[in-house]
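> There's a structure below that I have some questions on.
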Amino acid sequence: MSERESWHKEIDLFLVAMGYFTRIPMPKWVEVDADKLNKASRYFGLVGLLVGLLSAIVFWLTQNWLPAGVSVLLSMVTGVLLTGGFHEDGLADTFDGFGGGWTAEDKLRIMKDSRLGSYGALALMLVLMLKWQLLVELALYDPVVAGSAMIVAHTVSRVVAASLIFTEKYVRDDESSKSKPLAQHQGINELFILIASGVLVLLVLKGIAALSLLLVMIGLRRLIVVIFRRQIGGYTGDTLGAAQQICEIVCYFVLLVVGSIL
């Protein structure tokens with residue numbers, strides 16, 4: 001394979017990842033199959049970078065003319081519109097299942113139900129409120145820091161969530177599941193590029209902030225793995241969405257705490 005063909009393949013994979021995790025349409029010339037979708041997992045972090053960057057741009061463009069809370073809300077709306085609430089939906093389904101089921105089978109069945117339950121509604125409300133409040137505090141501290149935090153959090157949270165595909169068991173047998181093509185374990189190339197995208201984006205932070213966030217994300221990933229294994233024995237597409245949302249919130253929390261003590 002020539003260098004040009006290799007670059008074309010990588011661009012194809014990024015566009016597949018973008019089309020899967022956002023509402024941004026893929027070019028018509030991009031062909032999608034299960035193998036491509038699995039390999040595209042290497043670029044999930046870069047998709048987060050794109051979503052975070054666009055959300056940050058909306059915030060930066062509006063924060064001089066609008067109250068911080070409104071600018072933050074507009075940035076959050078931008079993120080939801082770009083992704084179609086993909087991860088938020090997974091968060092709600094996960095909390096409905098984990099909160100309402102006794103056995104792993106019950107939890108998986110409840111998570112499959114498209115209706116929103118009380119546990120999912122509470123989780124969505126609390127996460128969105130907490131995300132808004134943390135970002136408002138960051139915006140009042142420094143608008144540049146707040147926008148940078150959006151970029152970092154959207155990227156790193158997706159890296160952590162997608163890394164679960166590499167180590168954990170996919171527990172749905174339903175062939176119609178949208179996440180089924182992702183369920184094959186990632187190769188070393190996929191994992192390396194995925195982690196590299198997360199590490200590189202940390203370079204926008206100060207040394208202590210980057211190190212603190214890295215250590216917290218490593219610990220949080222381990223905690224998420226333990227919980228998912230105990231609850232359902234592995235992961236589903238919904239739990240990956242929940243992991244992304246939780247990691248994003250924790251990113252903002254860490255950056256706010258570190259920023260306040262520097």
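Note that Cβ sites are derived from N, Cα and C of the backbone, with glycine treated the same way.
What Swiss-Prot records for this protein is below:
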type	residues	note
TRANSMEM	43-63	transmembrane segment
TRANSMEM	66-86	transmembrane segment
TRANSMEM	120-140	transmembrane segment
TRANSMEM	146-166	transmembrane segment
TRANSMEM	191-211	transmembrane segment
TRANSMEM	242-262	transmembrane segment
> I'm a bit unsure how to read this: which one of 43-63, 66-86, 120-140, 146-166 has the highest number of Cβ pairs shorter than 8 Å with the transmembrane segment (191-211)?
146-166
> Using a threshold of three or more Cβ pairs below 8 Å, and leaving out pairs closer than 6 in sequence, do the transmembrane segment (120-140) and the transmembrane segment (242-262) count as in contact?
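Yes, these stretches are in contact.
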> Residues sitting near the transmembrane segment (146-166): Cβ under 8 Å, six or more positions beyond its termini, same chain?
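Counting only partners 6 or more residues beyond its ends, the transmembrane segment (146-166) has Cβ contacts under 8 Å with 21, 41, 44-49, 51-53, 55-57, 59-60, 63, 72, 75, 79, 135, 138-139, 182-183, 185-186, 190-191, 194-195, 197-198, 201-202, 204-205, 213, 217, 220-221, 224-225, 228, 235, 239-241, 243-248, 251-252, 255.
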